[in-house]
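First the structure, in the form of structure tokens, and then the observations on it.
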Amino acid sequence: MRQLRIAVLISGSGRTLANLLAVQGRGELPGRIELVVSNRPDVAGNDIARAAGVPLAIIPSRRVPESAFAEQVYRLLDQHAIDLVLMAGFLRHLPVRADYRWRIMNIHPSLLPLFGGRGMYGERVHRAVLDSGVKVSGCTVHFVTDELDAGPIILQACVPVLDDDTPETLAARVFAEECRLYPEAVRLYAAGRLRVEGRRVRILSSP
């Protein structure tokens with residue numbers, strides 16, 4: 001299995017980053033997190049990166065043109081020879097440069113294409129799920145495209161929506177599945193078992 005040089009992009013608490021670092025520490029991640037990029041200077045995720053000794057780049061994005069922000073991010077990714085980019089609660093749109101097509105993943109706390117798109121993140125997603133009355137929610141790992149939350153889906157996992165759920169209890173159950181699903185998607189990628197065909201991702205039995 002290929003050993004990947006991984007970058008993680010964050011905007012908040014860093015819970016997903018912490019999980020990925022824990023998976024790496026157990027030897028269950030095919031590669032190493034070589035870089036963390038944050039677009040906010042004062043979030044807890046930055047401290048998680050520092051504590052783990054992972055190079056951290058803070059690129060504030062507020063009132064910065066998208067093209068200028070993207071140029072800074074890709075310059076860092078190139079400098080660190082990154083193979084795979086994992087968005088982990090990253091709340092800034094990043095246009096996909098041609099040579100990074102199918103090299104950027106995101107995880108979203110719903111069963112896309114439901115409850116995705118602009119403004120749908122964190123507790124907002126789970127509150128919308130509960131307000132809709134659906135009986136099943138979950139999470140989605142997908143390749144990133146220029147259309148928000150609309151890239152080809154790699155993996156999904158379902159959780160039941162219980163009658164007494166709150167956004168917090170539902171979020172906890174979904175996050176437990178996220179912690180399992182994201183590393184699995186990385187392993188499939190490293191093994192060369194993902195093939196994008198139009199809007200679908202085929203999982204191959206062998207490369």
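Heads up, the Cβ atoms here are built off N, Cα and C, so glycines get one too.
According to DSSP, His108 (active site, proton donor) sits within a strand segment. According to TrEMBL, the active site, proton donor annotation covers His108.
What TrEMBL records for Arg63, Asn106 is (6R)-10-formyltetrahydrofolate binding site. Cβ environment of Asn106 ((6R)-10-formyltetrahydrofolate binding site): Leu86, Met87, Phe90, Val141, His142, Phe143, Val144, Asp149, Gly151 lie under 8 Å away, each six or more residues apart in the same chain.
According to TrEMBL, the domain 'Formyl transferase N-terminal' annotation covers 5-186.
DSSP assigns Asp149 (site 'Raises pKa of active site His') to coil, not to a helix or a strand. Taken from TrEMBL, the feature site 'Raises pKa of active site His' covers Asp149.
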For each of the recorded positions (Arg63, His108), count the other CB atoms lying within 10 A of its CB, then report the residue with the highest count.
His108
In whole Å, how far does the CA atom of Arg63 ((6R)-10-formyltetrahydrofolate binding site) lie from that of His108 (active site, proton donor)?
25
Cβ packing number for Asp149 (site 'Raises pKa of active site His'), 10 Å threshold:
19
